[in-house]
Amino acid sequence: MMGKVVMVFAVMVLLNVSSCSAWFGNTHKNGRNSILPSETTSAWPRLSNPVGSSIVFPLYGNVYPVGFYNVTLNIGQPARPYFLDVDTGSDLTWLQCDAPCTHCSETPHPLYRPSNDFVPCRDPLCASLQPTEDYNCEHPDQCDYEINYADQYSTFGVLLNDVYLLNFTNGVQLKVRMALGCGYDQVFSPSSYHPLDGILGLGRGKASLISQLHSQGLVRNVIGHCLSSLGGGYMFFGNAYDSARVTWTPISSVDAKHYSAGPAELVFGGRKTGVGSLTAVFDTGSSYTYFNSHAYQVLLSWLKKELSGKPLKLAPDDQTLSLCWHGKRPFKSIREVKKYFKPVTFSFTHGGRVKAQFEILPEGYLIISNLGNVCLGILNGSEVGLEELNLIGDISMQDKVMVFENEKQLIGWEPADCSRVLKSRDISI
């Protein structure tokens with residue numbers, strides 16, 4: 001999964017299946033009206049106004065030192081809580097699973113006990129997780145999958161259906177049967193290890209949880225999140241945002257798997273850097289932001305010029321991230337040092353004209369390490385196998401409402417106070 005780990009590239013580019021992933025919080029509140037669906041999909045209740053319905057989840061965690069944001073989902077019969085890493089870079093939602101488990105890492109809850117409702121090998125959901133269209137079905141009655149992530153994490157498992165307990169903002173509680181992965185054999189390096197239950201895949205594919213909810217007519221195919229720099233935040237499915245305030249840019253038609261946008265120019269402190277034709281992938285499966293090698297080296301050059309004569313010196317002994325600086329005394333917060341840095345902006349163009357600007361303020365690309373140094377949270381993607389990919393990670397999406405409008409093929413953002421979890425009355429339909 002994504003390793004959301006300091007120094008470890010948290011984006012997981014799936015080598016043979018989907019594309020990216022990560023690792024997870026607290027319990028949902030009860031006391032809402034419960035509608036119990038029947039066992040057959042056709043008889044499950046649909047909301048009378050799915051276009052106006054939404055689900056809002058509180059998030060937990062931070063970029064540093066925790067290294068990821070997570071959500072709690074209640075799954076199974078009876079429903080049990082599981083801590084999941086929120087990952088917009090991959091499709092499959094899966095839990096470490098007692099099938100029995102061949103290799104599982106430590107989990108905060110008992111391993112998930114799988115249902116016996118297996119997804120067949122030729123089901124479209126299974127096909128969407130396979131490396132090729134002509135995949136082999138060794139077991140026709142079940143869907144076996146293998147996912148390999150770029151930080152050497154991999155998972156083997158079986159796709160099955162089970163019940164998710166979901167609270168909608170209109171006060172309705174539904175038990176919705178959807179597919180998830182039973183991961184019974186995980187391979188991970190110490191650097192990619194997190195003691196969590198699994199991954200919440202929110203990518204653009206058929207197996208994604210938002211795609212499954214949308215296919216049942218329960219919500220619009222829209223997801224969003226608001227990651228607080230203070231820790232925590234919220235995530236939503238459906239119409240839980242005010243579209244009038246959002247800056248929009250089209251989802252790239254070149255990349256069918258990721259929430260990507262482009263082309264864009266790289267701007268530093270309001271000045272063009274000469275780096276253009278960039279495509280940016282927005283991915284909560286990565287704690288940090290990654291530039292391709294050329295853009296990264298240009299950024300370092302501009303930073304060097306900007307910091308010349310400033311009271312910051314390189315701190316090579318601090319291995320928190322690739323590049324850190326120390327001051328005359330240890331820093332306690334970004335507020336003490338952000339005056340020495342300038343905003344970094346992706347200026348998205350269409351037809352040669354600037355249409356939208358994604359501005360990353362210094363607090364969106366810097367952290368204060370536990371040694372009191374300031375470190376650069378933009379890393380060289382070529383060093384972790386991302387090649388020409390530019391990845392916008394959690395650090396640069398903090399304190400913004402991010403909206404991924406799959407129906408209109410748009411990505412949007414607006415500055416926000418993400419420490420305040422949305423209530424039903426705050427939602428603009």
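Just so you know, glycine gets a Cβ as well, placed from its N, Cα and C.
Just so you know, TrEMBL annotations never went through curation; they're auto-generated.
Note that the structure is predicted; figures quoted are calculated from it, not measured.
In the structure as shown, the Cβ atom of ASP87 (active site) sits within 10 Å of 33 other Cβ atoms. Annotation comment: TrEMBL describes ASP87 (among others) as active site.
Taken from TrEMBL, the feature active site covers ASP283 (among others).
Residues annotated as domain 'Peptidase A1' in TrEMBL: 69-414.
If you look up TrEMBL, you'll see 1-22 marked as signal peptide.
Taking only the Cα positions, the spacing between ASP87 (active site) and ASP283 (active site) is 7 angstrom. Taken together, the residues of the domain 'Peptidase A1' (69-414) have an average pLDDT of 93. Cβ neighbour count for ASP283 (active site): 31 (other Cβ atoms within 10 Å of its Cβ, all protein chains included).
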